[in-house]
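Peer 1: Supplied in structure tokens, the structure appears directly below.
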Amino acid sequence: MRIADYSVTKAVLDRHGFTFKKSFGQNFLTDTNILQKIVDTAEIDQNVNVIEIGPGIGALTEFLAENAAEVMAFEIDDRLVPILADTLRDFDNVQVVNQDILKADLQTQIKQFKNPDLPIKVVANLPYYITTPILMHLIESKIPFQEFVVMMQREVADRISAEPNTKAYGSLSIAVQYYMTAKVAFIVPRTVFVPAPNVDSAILKMMRRDQPLIEVKDEDFFFRVSRLSFVHRRKTLWNNLTSHFGKSEDIKAKLEKGLALADIKSSIRGEALSIQDFGKLADALKEVGL
């Protein structure tokens, strides 16, 4: 019997008197086929260390520990730590860290792996309410994560992996795809969780690029330009740019010059621009003094 078997999950929760906290976005997976599929998608083997975020009662951790060299699982809910000690007692390659992943000193933590030189993959069932902050925190960190295989709300996975000229495409797509390739691996129905969430989930597979997708003069400015271009999705690029930078004659002249330099029409919307287009636009606007 697996931890994820519904009867085992229920017995563990009952034995420990555990009640779900909405503030932690807790939904425990009870489908062993999907758990195996996650491990297969992540291509976990004995030559890989895994960082897991939000192990819950250890359903996914069990599968990871059977395949990986070592698993370091970050759990913010201290009520789950003794439960994990119980459910994972047969594994000597699992470290449970009772800490918020956003506050963890990951540079120090990864040195605690028995073999810290192995490639590191992140595998997680992320709480819906904090998916984006966790992802961007990890992606922008200097930790050498090779790959992310992460379960999240389907809508967010679609936004991250979206292409230009689609409804889902936006600044989040650009922020992630600048650093990573991103592809939805498969959909996870809401019915396989306890308690069941209101929406379906998706497994998103992301691979870190050797170099960012494009080279830009100023990364912060590039991300700022991409964000402001989607503030009002139905407005033109020109309207979003002037709303942010201002509408004085001097500013408008600089914007016109920057758009001309980048060879981008002011009348299009942000969703029509590729990441490469945004790179050219940001560099051009920087060049004209914005």
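Every residue, even glycine, has its Cβ placed from backbone N, Cα and C.
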Peer 1: From the candidates GLY54, GLY58, GLY170, give the one listed by Swiss-Prot for the same S-adenosyl-L-methionine site as ASN27, LEU29, GLU75, ASP100, ASN125.
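Peer 2: Looking at GLY54, GLY58, GLY170, the one Swiss-Prot places in the S-adenosyl-L-methionine site next to ASN27, LEU29, GLU75, ASP100, ASN125 is GLY54.
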Peer 1: Three states by DSSP: which one describes ASN27 (S-adenosyl-L-methionine binding site)?
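Peer 2: The three-state answer is coil.
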Peer 1: Just to verify: the residue among ASN27, ASN125 with the fewest other Cβ atoms within 10 Å, which of the binding-site residues is it?
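Peer 2: Across ASN27, ASN125, these binding-site residues, the one with fewest Cβ atoms within 10 Å is ASN27.
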